[in-house]
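Student: Pulled these features from Swiss-Prot for this protein:
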type	residues	note
ACT_SITE	Cys217	active site, for beta-ketoacyl synthase activity
ACT_SITE	His352	active site, for beta-ketoacyl synthase activity
ACT_SITE	His394	active site, for beta-ketoacyl synthase activity
DOMAIN	45-474	domain 'Ketosynthase family 3 (KS3)'
DOMAIN	948-1216	domain 'PKS/mFAS DH'
DOMAIN	1707-1781	domain 'Carrier'
REGION	587-884	region 'Malonyl-CoA:ACP transacylase (MAT) domain'
REGION	942-1215	region 'Product template (PT) domain'
Amino acid sequence: MITSTSSTEVLTPANGSDDSKGTTTPATSSGDPEMHDDLLRNDTHDDVAIIGMACRVPGDVNSPSALWQFLLEKGDASGDMPTWRWDPYRQRHPRNAAVLAETTAKGYFLNDIDQFDAAFFAISPREAEQMDPQQRIALEVAWEALENAGISPSRLAGSNTSVYMGVNSDDYAKLVLEDLPDVGAHMGVGTAYCGIPSRISYLLDLMGPSVAMDAACASSLVAVHHARQAIRAGETDLAIAGGVNALLGPGLTRVLDEAGAISADGKCRSFDDSASGYGRGEGAGVVILKRLDKALTDGDQVLAVLKGSAVASDGKTLGIMAPNAQAQLLVAQKALKEAKVTSDSINYIEAHATSTSLGDPTETNALAEVYGVGSGRHPSDPCYIGSIKPNIGHLEAGAGVMGLIKAVLVLRYGEVPPQANLQTLNSKIAWKENLLRPARELVTLPRGALSRPLRAAIASYGYSGTVSHAIIEAFAGQSLFAERLAQIPDSDAAPALLLLSVPQANRISTTAAGLSRWLRDMDGAVSLATVASTLSQRRMHHRFRHAIVADSVANAIATLDDLAKDVPSRWAISDRIGSEAGKGAVWVFSGHGAQWPDMGRELFHSSPAFGEVVRNLEPIIQAELGFSAIETLHAGCPDRTDLIQAMTFLMHLGIAAVLEAESGPPTAVVGHSLGEAAAAVVSGALTWHEAALVVCRRARLYREFMGQGAMALVRLSASEARARIATHPGASVAIETSPTACVVSGTVDALQRLSEQWLEEGVEVRAVATDVPFHTPLLEKLAGPLRGALKNELHPQVPHRALYSTSLLDPRSDLLRDAEYWVMNMIQPVLLQSTVAALVDDGFRAFVEVASHPIITHSIVETISEQTTDRFIATPTMVRKQPALKSILAAVGRLHCFGCAVKPTDLDPTVPWSSSVPGTIWHHQSFYRAVSGMTAAQLASTHKPAANDLLGTRTALWGTEEVLYQTRLEEDNRPFPGRHPLHGSEIVPAAVLLRTFLRALSPRSVEEVSLQVPVVVSPAREIQIRHNTRNITITSRLEESTSNEHNSWLVNTTATVGADATPSVSHVDIAEVAKRLPQKLSDSFSIDYLASVGVSAMGFPWRVAHHVASDNEMLARVHANPDSLPGMDDLLTSVMDAATSIASTLWHSKPRLRMPTAVRRVVAVGVATPQVVYIHCTKAQSSVDEADVIISSEEGMVLMEIQGMAFAGVEGESLSRKSTSGLVHQISWPPAALAEEPLEFAHIAFLTADATKAQVGTYQRQIEGRGISTSIHERASDLPLTTHSSMAVVYLPQFTDRIFDTATRSCNDLVTAAQVILSSSDKPTIRLFAVTSESNLGHSALTGLGRILHTEHPEIWGSLIDLEDPSVFPLMAMRYVRNADVIKIEDGVPRTARLRPLRPAPPHSTAGPATLTFSPASTYLITGGLGSLGISVAQWMVTQGARRILLLSRRSLPPRSIWTASHKPGTQFIIDSILSLERLGATIHPVAIDISHPSAVTNLRSALTTLSLPPVAGVVHAAGILRDQLIEQITPDAFEAVLAPKIAGALALHTVFPPSSPDLDFFVLFSSCGQLLGFPGQASYASGNSFLDALARSRRKEGDNAISLLWTSWRGMGMGASSNGALEAELYARGITDVTPDEAFLAWSSISGTEGADHGVVLRARPLESGEPLPHAILRDIAPRKEKAVGEGNGENEEQRKKLSGKELAEYVLVVVKKCVSTTLSIPEDEVDETVALPEMGMDSVMTVNFRMSLQQTLTVSVGPTLVWKYPTVHHLVEYFCQVLDE
């Protein structure tokens, strides 16, 4: 759907004449000039102007002008509510339908409340549907209001602009947030009140206050009041204020029905005798406010003046919603006092008037006391009163601002529209006496004296007691400014440049058509110049731009129509902006040859700027050459070289003057031949008088050679031409025009011979119209005379803008333009090609040929095309026989459309503009969150999901003993809270089926259960449970299975009815059972085991707190619902699910997926199930896998008995991972592959501190003689980054004894160096290296940092090179080893890292540590001990025999004396975990010590002494924090904060427990594998972890058994536990997976038992697809690869792709990238803008990972994690992938 915001936005003043239609002329004006001055002299310091407004309300009213027409017609927009809005509530509960049938479903509704133009604001569809429609409407209406105010939103970016929005409805929030399974990440801000103003502030980049106001129905007028106050206080410069309301749910309507506030027919009848309540309405209104004096200075329209406002409260009344007349009276008086006006001066009141029987009389009587009879006004001068509510409804939070907008319109038009729905005046109001009058018909307000402009009051009240009031005044001073808006007769109008733009290319058709339609409707009432200034200065300029040059409205309409139909037009330009235009425009002044007879005549008469240039040059030309330039312009330029030179120079400066007046100055200038004179003037190198002397006196000298020379353009390169004319005296190359053409100059004979020869050879030759052999040695005889002619005449200056030369070999030379320069300019060849190439190298992409006709534009295009593939423009200014001014404006339009800043877009307050010019046309799409649910009929017959059974509607079958339960099962009403998939299908857990039987047969038992066919949840199916006195059966059928009524039913489960409900035992001795079970399992054992055999999720949220076992028995202490999740009315089903799950693990030694298939007997005792139970499982004496289970309370009372539960294996993939195969790895260092061609470095810059300069000297001597220069620098900022073509920066870290300081300093230095290089424009030619030695522990942190640098910025990162001999400079490794993050020199050979499986210890090895064991007589210490990892490690240690554990953490726990009280969830979890460990016999000591603090060593030693514990036998350093920052964003403080717990903490432990500690069995450092794989953003974390690895190696060398464990993510815990899927996606992208805690501990044990292992890398490499690229080189030896399936087509596609190149490859990649973007963002491919940054299109971090994987699998190339950051648009990505695929 496409809607226009203001296509007919014309506010015609009541006293305005027809010729002012469409302008900003106000309603009140004065013809007295003295009155104007008086108005300006008035003190307006406290006055606030309303300079713009917009609205969207029922009745298809989308603008203030449409609203005014609707009011005049007494429009009534009331009607029926769209029924779909309440459907989710009808579906939510069977009783709702009856209630909703009695709820008022009438009112005032928007037809398109679900519609939004998300693409316009670069909001993804996913986020858009999670945004409250109020946010969407407010955003669009705020944009419309700014356009109405003539403010381009882009001008407000970063400004002190505030947003105050009234809001009171949270219907959408209730609707979507109560649908818990589908709650989305964007719904927080997306549905919050604060999100309404904040969304506007965010998207427009506004820096002022942004506040949501909730004062019920007074909200929006309260918002306006606070906005006014903020402006007056100087708190904000501009305010966007308003309110919005949306009626999306029935809740509040139901409340108001109960309160009797709503009329039965949903209509408002303000002031009518039949008024019995109001009709609720929805919509939005926004006004733009600015201080009045500032508005006048800025040339803004002033719609009205906000003179005063006030807000108060009712205080205590008969009820909180009862009105208080006294409060309403007082707030009105307060507003009048603020406005400094008397109450009898008010002409109109916009009343609140909600149409309630109590409210209307109360309010009217109060207003009469102020404005009516109580004001003392004369009966002949009543005050008119009205209310907008009968027209558009009561907009509640938006009501006040809509009343304000109506009041502004009343003052603008000087009329009061008739009151809608007013039949009989309210008899409870004394209308005759109170001097207030509702308008029954259109009323024209009396003007009164000029000293008293029209005024209006606006009242708005909230049902919570807030009362608000505002006073506005018509602005009588606008006529002063209207004088400068005088209309320009269209017939005499100069050409105008109309600038249109859209954010996406497909919008221009509707935009152009809308403007064309509006111009037709205006019928000449607005000038083309006014339209042009409005579009250029008062509208946003988007990415896709269009410019139209027109000299009449009719011409503009025709061109717009062509643009709308995509028909090319001579005077229409279209382009899109990009980064290429950033440097600005280059003006190129061409030389001899552009002349034509009438070339300056039009401009001389039409352009004052051109005329001034001609008149300035006229006397000089007359004096120097003896002819009149003015006469020549009229008579036509003669064909004489000397005169052509002067007139060409005149045209250059004249066109430049016009161009600067229309476009603004250039960034750089260059001249071609004669054109260098004008370039010198425009750049400031010469004055125009000096340059004119150069041209005229040289032209006079040329007379000697006139008729003696010739020139020709030849289609040969300059080098080819020189070779061919080497044997032809009298000719030479005069101009190097382009790579394929040049101009040859010489004698007439020589040129004649050459031309004939080349034509015979098929070379294109074209004569140049000249008879002088310019730019040849033939002119050397003129050198002396020219020097003499210019002697003492020139005083050249340094140019004030970039000036390039085509006469010098160095086009950037700053050589002064003295006489010698002009001699050289006359004789030397013109080096146009190399000069344009230099400009391109310097970043210029926009070129304008300043000449009367283009003669070198084509050459410029050829040169740029040869030089770069970037977009560029080269445009002429004039074209022979084309209208001159239109042509120049077209050039300005091309610059603007390309993205260059041009003068027409600069805001000029003196230029006329019109708010009636159409604004943005919205391209709406529907975005409305689909809320899950079923129909009311379905709900009425369904089971209750929270009961965790399938018992639906119960029916006793007549004449039988049978009972039938019927229900409907689907995803939304599954009877279990979690997930329970089997082979990809969600099935109902066996526990639910057993619970269904038990509840149906209660209090009897269930026997001989046969679980035959799983009950699948989706697609939807009918369920029947049928039972009699003997049997019970569950059957099901798909809803669509109706072809055979009987055969479509499937028997799922059967059972027989038991005789009694008594278990075989009534009590279990828990302690005795636990005593005989020696094996302690981890609490997560069952979940981990089931995950390993293919159970990816659990149906219920039970959790094991203690688990012991033997070969045949298990005992588990189980929390049935530990997190108190909803969806479980009782806990028995969750406990039964735990029982079936745990029992299936009895056979864990033979891992496979087992499911219950039969149960001999199930009996429940019928008591409430407690939160915590014990489950005792025993293998039965049977030939099959069968178990007996008893569920008891903590005291041992039996709650349920399950006898003979048989399990059968389920066919499918078994993922058992009890072995460490593929799990544990170590880093190996094989020799690196060497490149065939070395990198060449012209210079090596050493970045180092003083202490290492001696080492640098050694390195410099080794480099000598290799043609490589060197330099030494202490600061990265001093590096010579722009002076060498190729350069290596080598960072040498400083050596100190303070390890932590060394680590932090060296990391900071290297990051700073990288940041400096990245900020350099020449970074592709620079490589950054770091050189370290493992002997210095403090440098080891750089290893991790280097790996992240390699990931984030491979374009600058050389590598980190670790030396075995620090005296040998690694030049060979730097030059021959490519794409390596870290290089290790060992045995003189450069090596790179690879992961290889860790070799297990030999069976009888005595070296190295023994298998990890724990002693109850020792103490074990864990840092980070209160984190999830630390707690998990402690739990595992206890299961392995540890009994004394210190948990070190920065945080402290509450005193143990209050542990039994309630605490925050995180603290409660820690306390519960510790207590559960202590119940197992362990002693846990939580100790609050910050291990990274300098006092940590002292504090730790003191704590150990105080606690008097046995010696510490094991240390685990698991402390750490993660703060992701990309390299460019890193700050030293943030980096050190991450390093401290890792490095300082490890050093503290190293000090307290040195390698010589006799009691220490293990010293384990928790590191991360993320550093090896280069996780982006983790530079600080990787640096800290690489230090831990080095510390373990260092301790090993001292005889210790330290180990660093480089973990992948632990599933469900640690720093990735709350990553919302981002971490899992990143792991997948990097080629690995996470591990379960059980796998982690198994790996730990395995590594500890491996001889000599100082580290272990714990991860699983995922299987790669057959054609998928290796995600990281370090995985090369361990990553398995899937076999290519038979018939798999990817290989064929890849082969076809490999055959593509050039344009075909680019087209292929473009299709792929756009498809991947489309899929990721859920938008159509044709809406993917190639030039918009993907984050601006709504792509967040999680989407980015999916996008990368999609690209990687489609293009079969490695896609790095920072790719989208470096190449943010589709265009950039296509360029990058084309380069990669070509290689």
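The first residue you see is number 1, and the count goes up from there.
Just so it is clear, glycine is given a Cβ too, placed from its N, Cα and C backbone atoms.
Can you tell me where each of these features sits in the structure?
Tutor: DSSP gives Cys217 (active site, for beta-ketoacyl synthase activity) a strand state.
Spatially close to His352 (active site, for beta-ketoacyl synthase activity) yet at least six residues away along the chain are Cys217, Gly359, Glu363, Ser387, Ala399, Gly403, Ala459, Ser460, Tyr461, judged by Cβ distances under 8 angstroms.
Cβ neighbour count for His394 (active site, for beta-ketoacyl synthase activity): 31 (other Cβ atoms within 10 Å of its Cβ, all protein chains included).
Mean per-residue pLDDT, taken over the domain 'Ketosynthase family 3 (KS3)' (45-474), amounts to 92.
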Student: Let me check the 10 A CB neighbour count of Cys217 (active site, for beta-ketoacyl synthase activity). How many other CB atoms are there?
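Tutor: That number is 27.
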Student: Please report the DSSP secondary structure of His352 (active site, for beta-ketoacyl synthase activity), reduced to three states.
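Tutor: Reduced to three states, the DSSP call for His352 (active site, for beta-ketoacyl synthase activity) is coil.
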Student: According to DSSP, does His394 (active site, for beta-ketoacyl synthase activity) sit in a helix, a strand, or coil?
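Tutor: It is in a strand.
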